[in-house]
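Below is one structure, written out as structure tokens; comments come after it.
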Amino acid sequence: MKVYKLVLMRHGESIWNELNKFTGWHDVDLSNRGVQESLKAAKLLKKHGFYFDYAYSSVLKRSIHTLWNIIKFLDQSWIPVKKSWRLNERHYGALEGLNKDDVIQKYGNDKVQQWRRSFNIAPPKISYLEKKKLAHDSRYNNINFDILPYCESLKLTTQRVLPYWLNEIFPRFQKNTKIIIVAHGNSLRALIKYLNNINDIDILNLNIATGFPIIYEFNSEFKPIQYYYLKQ
């Protein structure tokens, strides 16, 4: 049976991951550990014979730089790379930039876990002025203001990720294009929820590790068979 493989990967550890802060759409770079994670992932991909025709990332530099490190190591810097805000991390609203332990102390662990892990519940919103500032960012100034988020639940994240998968990435993948997607914990959770038909309760338990390639296998009809981490 013919098997088609897609590579998904969460960016390497970011500076704010290291500092235990909510990051979301804030554009922070990789930590030193994150750089090493991306290089380790590149070595694993090379060891297992993975090479690519096309790559996708978000418009956030922790995703972009992870991808750069991988394709540079694979000597594939020439392949087309498409960046989209639709692959961005979930927008954590007013929590962005705050230390997670401080937020737990203020709101309680149960509430914070609802914000972080549930499918439907969104964290507190940013202000209108903060959203206007976001809308003036050159990465987002061509997007309808009403579409830009004040905050996002995983459900809202899914609603922006899936159209990009269905209309852009999947049609290219169906042409037997070898693709790598470097994105974020929650944008990947959204995609995996769809691909594996995970229900709204079970998705609470899905966590995506930084820096490890996820290999997604599809059959000849491009139906998902299984996915697994490439760790050795």
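Note that Cβ sites are derived from N, Cα and C of the backbone, with glycine treated the same way.
According to Swiss-Prot, the protein has these features:
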BINDING   10-17, 23-24, R62, 89-92, K100, 116-117, 185-186  substrate binding site
ACT_SITE  H11  active site, tele-phosphohistidine intermediate
ACT_SITE  E89  active site, proton donor/acceptor
SITE      H184  site 'Transition state stabilizer'
Students should find that the Cα atoms of R90 (substrate binding site) and H184 (site 'Transition state stabilizer') sit apart, in Å rounded to an integer, by 8
Sparsest Cβ environment (other Cβ within 10 Å) among binding-site residues G24, G185 belongs to G185
Rounded Cα distance in angstrom between E89 (active site, proton donor/acceptor) and W16 (substrate binding site) is 13
DSSP says W16 (substrate binding site), in three-state terms, is helix
Under a three-state DSSP reduction, the secondary structure at K100 (substrate binding site) is helix
The rounded CA-CA distance in Å from H11 (active site, tele-phosphohistidine intermediate) to H184 (site 'Transition state stabilizer') is 6
Checking the recorded positions E13, E89 for other Cβ atoms within 10 Å of each Cβ, the smallest tally belongs to E13
Across the binding-site residues (R10, R90, K100), the Cβ with the fewest other Cβ atoms inside 10 Å is that of K100
